[in-house]
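Chemist: Attaching a single structure in C-alpha cells format; questions to follow.
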C-alpha cells in the first residue's frame with residue numbers, strides 16, 4: 001500500500017456513506033460526459049466492489065485513493081475478510097493504519113517473524129485462520145501473544161519452513177487460548193512434549209486435525225489422548241517410537257486419515273494401524289524406505305475398504321474406491337470438485353485434508369530428490385501435482401506449483417532439467433495450467449506458478465510451448481509487478497526463455513527488455529532485491545547477444561542500468577551477470593555503436609577493472625570478457641589502460657593457471673586486445689605479462705592457447721617483449737603450437753609471432769650488456785632463430801606448393817613472390833587486424849610477406865649449407 005493511501009486511512013470504525021444511486025445497467029453509467037470522457041465514478045456500488053475483488057491489495061488501495069466515494073467502498077468489510085501480507089514488510093504503524101479495515105478479518109497470511117510481531121496491531125478479533133511461513137525466527141513469546149489476542153482462532157499453520165525457536169510452551173499457550181481450534185499444522189518443532197499435547201487434548205475439544213511435520217521428537221503416548229482427531233500427519237518427523245505409536249494411536253477412534261510419509265515406519269506398525277483403527281480410511285506413506293523394501297505389507301494387512309498411498313502403488317487407483325462413478329481414475333480430483341450438488345461434508349473434509357498432505361509431501365520429496373523415484377514421478381507424481389494445481393485451496397495450488405518447479409530440476413548447481421519429467425508435465429497439460437495461475441490476481445499463485453514456468457523453460461521444448469501459449473507476454477507483464485517475489489520469478493522466466501534465439505525477438509516485442517531495465521532501477525541493491533537484479537541482468541545479458549535486441553537494450557537505458565549494477569552492487573551474482581551483459585553489448589562493434597557507448601558511460605571501464613580483482617571466478621571471467629570486447633575500440637583500449645586495466649589483467653593472468661579454461665581464455669583475450677596499442681604492449685611486458693601468457697599458450701585447451709598465441713603475437717612486435725618471450729621459454733611454446741595445435745588460427749599466429757620475433761630488430765636488445773653476455777645471447781638467439789624458421793617453413797608448406805616457394809626463393813622476382821603470397825592467405829584469420837597497418841590480417845601484405853620472406857631466407861640458408 002503506498003504512503004499516499006495510508007495517509008488517507010480513516011481511524012477507527014467506519015460508516016460507509018454510499019451514494020444513493022439506482023441500480024441500473026452499468027452501460028448507462030459509462031456514457032460519455034460533456035468532455036467526451038467516461039466518468040468511472042458513476043458505476044454502481046456493487047459493480048465497483050466486484051471490481052475491487054479482482055485486484056490485489058496494493059491495486060485495491062491505489063484504486064480506492066482516486067475519489068472519496070471509492071475510498072469508502074474500498075474499505076468495505078467484505079473486501080477485507082482475507083489478507084495476504086507475505087510480499088510486504090509491515091511494521092506496527094502500517095498494521096495500525098490498516099486496523100479499521102480489518103475489524104472483520106477472518107483469514108491472514110504472513111511471512112517472517114517481523115510481520116508476526118506486528119500482527120497484534122491489526123486488532124482483528126474475529127480472525128479464524130492464521131498461516132505463516134519463513135518462521136525460523138518466530139519465538140514462543142510472539143506466538144503466545146498472537147494466540148492470546150485471537151481466541152476465535154480455528155486454524156493455525158506455520159511452515160513448511162522449520163519453526164526452530166518454537167517450543168512446547170508455545171503449544172501449551174495455543175491450547176489454553178484457542179478453545180475453538182480445529183486444525184493445527186506446525187513444521188520443524190524440536191520437541192513436542194506431553195504437556196503440550198495434553199493441553200490441546202484438554203482445551204481444544206473440536207481439534208480434528210494435527211500436523212506435526214518434520215519434527216524431531218513427539219510424545220507418542222500423549223498424542224493418543226487427542227481423541228477428537230480425525231486426521232493426523234507426522235510426515236518427515238524423526239525419532240518416532242513406532243512401538244508406542246502403534247499402541248496408543250489406536251485409541252484415536254475417530255481417526256480417518258494418517259500421514260506417515262518420509263518416515264522410517266516399519267511394516268508391522270502399518271499392519272497394526274490398519275487392523276486396530278477401525279475408522280481408518282487412508283494411510284499415506286510416500287517415500288518410506290522400509291515399506292518400499294516390503295511392498296507386500298498392504299496385502300498382508302486387514303485392509304478391506306481401506307487405502308494406502310505409496311510410491312509403489314497407483315494413488316489414483318487407490319482413491320477410485322471412493323469414487324465408483326468416475327470412469328477415468330485420473331479425473332478423481334476434478335470430478336470431486338465439479339460435483340457442486342449434494343455435497344458430502346465428510347468427503348469434502350477428507351479430500352481437502354488429502355490434497356493438503358499430498359501437496360506438502362510431494363513438495364518435500366521433490367526438494368530432497370531421493371534416488372529411485374524416477375518411475376514414480378513419471379507414472380503418477382507429475383499427474384498428482386497437476387491435479388493439485390487445480391485445487392480450490394490456494395496454499396495447495398502454491399505448493400503444487402513449487403513442487404513442479406522443484407521436481408524437474410535434477411541438478412541445482414547446473415540447473416539441469418530432467419527431460420522425461422518436463423515432458424510428463426507438458427503431456428498432462430501443465431503449460432496451460434501454470435499460465436492460467438500466472439494470470440491470477442493472487443500474487444502468491446503468480447509467484448509459484450512463474451517459478452515453475454521459469455524452471456521448466458530450461459527445457460527447449462517446454463520453452464517453445466510456453467512462448468506459443470502466450471507465456472512471454474505474461475512474464476513481461478509480471479516483470480512489471482510491484483511485488484518483488486513476482487517480479488523476481490518473472491525475470492527468471494525471461495532469463496531462461498531468452499537462451500533460445502527464437503524467443504529473443506518475441507521478448508523485445510512484448511516489452512520485456514524495457515521491463516527488465518526498469519526492474520534494475522526499481523529494486524534496491526542489497527537485501528532482498530539482489531535476486532531480482534541478478535535475474536534481470538542475466539536476461540539482459542542473453543538478449544544483448546542478439547544484435548537487434550542489444551540496440552533495444554541501449555535505447556531503453558540498459559547501458560546505464562548495467563553499469564550502475566557493476567559499479568555499486570556488491571552481490572557477486574549480480575556483478576557477474578551485469579559484466580556478462582556489458583560484454584555482450586560490446587560484442588557488436590561492427591554492427592552498432594554499443595561498444596563505444598559502454599566505454600563512454602561514466603565509470604564503466606573503472607568498474608569492470610575493479611571487478612577483475614574480485615575473489616569470485618565467475619565475476620572475474622565476465623569482467624575480463626567485457627574488457628576484451630571493449631578493447632576493440634581505440635578509445636576504450638586507452639581508457640582501460642588509464643583505469644589500471646593492464647596491471648589488473650596481468651595479475652589475473654598470473655593467478656589463473658589453475659582456473660577454468662573460460663577464465664584463462666578471457667584473461668589472455670583481454671591482454672590480446674589491449675596489446676594492439678604499442679604503449680599497452682610495452683606496459684604488459686613491463687608488468688610481467690609475458691610469462692603467464694606463455695604458460696597459457698601451453699594449455700591443452702584450444703581456445704586458451706589460441707588466444708594466448710594472439711596476445712604473444714601482438715607483444716612480439718616490440719623488440720623488448722620479443723626478447724622477454726625468448727628468455728622466458730616462449731620460443732618452444734610457440735614452436736609447439738605452430739607444429740601441433742589443432743587450431744589453424746593458433747598455428748598461424750604462432751608463426752607470425754616467431755616471424756616478428758626473429759626479423760632482426762631484437763638483436764640490438766640482446767647484445768646489450770657485457771661483451772661476454774652479449775656473445776652468449778647472440779649464440780642462443782641464433783639457435784632459437786633457426787628452430788623458429790624451420791617450423792615456419794613446415795607450417796607454410798602445409799598449405800602451399802613447395803615448388804612455387806622454391807622458384808620464388810631462387811628468383812626473388814615480384815611475380816613469383818605475389819603468387820606465393822596469394823596462396824598463403826589465411827581465410828580463417830579474416831577477423832584479425834594487424835596492429836601496425838590496422839587492416840585485416842587476411843589482406844595485410846606486410847604480415848604475409850613477413851613470414852614468407854623469413855621462410856625464403858631460411859630456405860636459402862639451408863640450400864647454401866647443403
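Each Cβ is built from the backbone N, Cα and C atoms, and glycine gets one as well.
All annotation found in TrEMBL is predicted automatically rather than curated by experts.
According to TrEMBL, the record shows the following:
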{"type": "DOMAIN", "residues": "37-83", "note": "domain 'F-box'"}
{"type": "REPEAT", "residues": "470-512", "note": "repeat 'ARM'"}
{"type": "REPEAT", "residues": "511-558", "note": "repeat 'ARM'"}
{"type": "REPEAT", "residues": "557-588", "note": "repeat 'ARM'"}
{"type": "REPEAT", "residues": "603-645", "note": "repeat 'ARM'"}
{"type": "REPEAT", "residues": "644-689", "note": "repeat 'ARM'"}
{"type": "REPEAT", "residues": "688-730", "note": "repeat 'ARM'"}
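Please go over these features one by one and say how buried each is and what sits next to it.
Modeler: If one looks beyond the repeat 'ARM' (470-512) by at least 6 residues along the same chain, the residues whose Cβ comes under 8 Å of a Cβ in the stretch are 56, 58, 86-87, 431, 435, 438-439, 443, 446-448, 450-451, 453-455, 457-458, 460, 463-464, 518-519, 522-523, 528-529, 531-532, 535-536, 538-539, 542-543, 546, 548-549, 552.
Mean pLDDT, taken over the repeat 'ARM' (557-588), works out to 96 on the 0 to 100 scale.
Residues 559, 563, 566-567, 572, 575-577, 579-580, 582-583, 586-587, 589, 595-596, 651-652, 656, 659-660, 662-663, 666-667, 669-670, 672-674, 676-677, 679-680, 683 of the same chain lie 6+ residues outside the repeat 'ARM' (603-645) yet bring a C-beta within less than 8 angstroms of a C-beta in it.
Panel annotation: around the repeat 'ARM' (688-730), residues 646, 649-650, 653-654, 656-657, 661, 664-665, 667-669, 671-672, 675-676, 678, 681-682, 736-737, 741-743, 745-746, 749-750, 752-754, 756-757, 761-762, 764-766, 780-781, 784, 832, 835-836 of the same chain, lying at least six beyond its termini, place a Cβ under 8 Å from a Cβ of the stretch.
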Chemist: How many helix, strand and coil residues does the repeat 'ARM' (511-558) contain under DSSP?
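Modeler: Summed by class, the stretch gives 39 helix, 0 strand, 9 coil.
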